[in-house]
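Asks: Mind having a look at this structure? Questions to follow.
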Amino acid sequence: MSSAKTLSLRTTVRLPSGYEMPILGLGVFENDECAPACLAALQCGYRHIDTARYYKNEAQVGQAVRESGIPREEIFVTSKIYHPEHGYENTLAALQDSLDKFGCNYFDLYLIHSGLSGKEKRLETWRALIDARNAGKIKSIGVSNYGPQHIEEIRAAGLELPAVNQIELHPFCQQRPIVKYCREQGIVVQAYSPLVQGRLDDPVLLRLAEKHGKDAAQIAIRWSLQHGHVPLPKSARPERILSNSQVFDFELSEEDMAAIDALDRGKEGAITWNPVDCP
């Protein structure tokens, strides 16, 4: 990844799989009619969209990709398989259903959405994703909501490690042990809920927003980027989608970063399901 001073909306990070992933993406959770949001994002320069089977909007993402006029290979699209569908054969069938809905013959990244199905099903699902990747249906494979213990299961089984781990990650829930582990293993960390679902009225964030002439959401996204994460802010409003991307014309100082780092409340700061400790 480029240095903090030279980041842009088109900056990418190289995944362990060798593919490039844009460092900022649009999340579409709880957006049942997400095609307009995806089109707005693509029109203002995003090239990365994060969906999931659970979101039930893979078809709308595909519609937006086609309507955008942008070549498919220039847009990085992620989807995920939800734990009730885990297992080897179930995973292959679910992936094909995702592709049919999406309307394309591959995903750039496909994740295990959580480890809630238990060790045996997790590993069966991972083996299925490896086989689907080798068959050309996925370019890169990864996990979401995994703690180090779940990834170590993959290593112990003699299988390749994920390219990505997507976790809840924002100033109040910084997941430092998981981030440290992933960095050591060369696994790229994606940050979901980087805007704390809009709960950005903390005095530190507001003070830094005023200092830099930005809003608190932009401060939170910039903080995530400067830590080397790949944030996935979600919005259905075109003006917010645009403003969330306008984070490449300023830089947080070391003091600014330290002030935000100090907001961490560990797992107490989580605002979503965050099942990283599931058995």
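Every residue, even glycine, has its Cβ placed from backbone N, Cα and C.
Copied straight from TrEMBL:
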- Tyr55: active site, proton donor (ACT_SITE)
- His113: substrate binding site (BINDING)
- 30-264: domain 'NADP-dependent oxidoreductase' (DOMAIN)
- Lys80: site 'Lowers pKa of active site Tyr' (SITE)
Asks: Which residues does His113 (substrate binding site) neighbour through Cβ under 8 Å, counting only same-chain ones at least six apart?
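Replies: Spatial neighbours, sequence-distant, of His113 (substrate binding site): Ala52, Arg53, Tyr54, Lys80, Ile81, Tyr82, His83, Ser144, Asn145.
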Asks: Which has the fewest other CB atoms in a 10 Å radius around its CB: Tyr55, Lys80, the listed recorded positions?
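Replies: Tyr55, out of the recorded positions Tyr55, Lys80, has the fewest neighbouring Cβ atoms within 10 Å.
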Asks: Give the mean pLDDT for the domain 'NADP-dependent oxidoreductase' (30-264) on the 0 to 100 scale.
Replies: 97
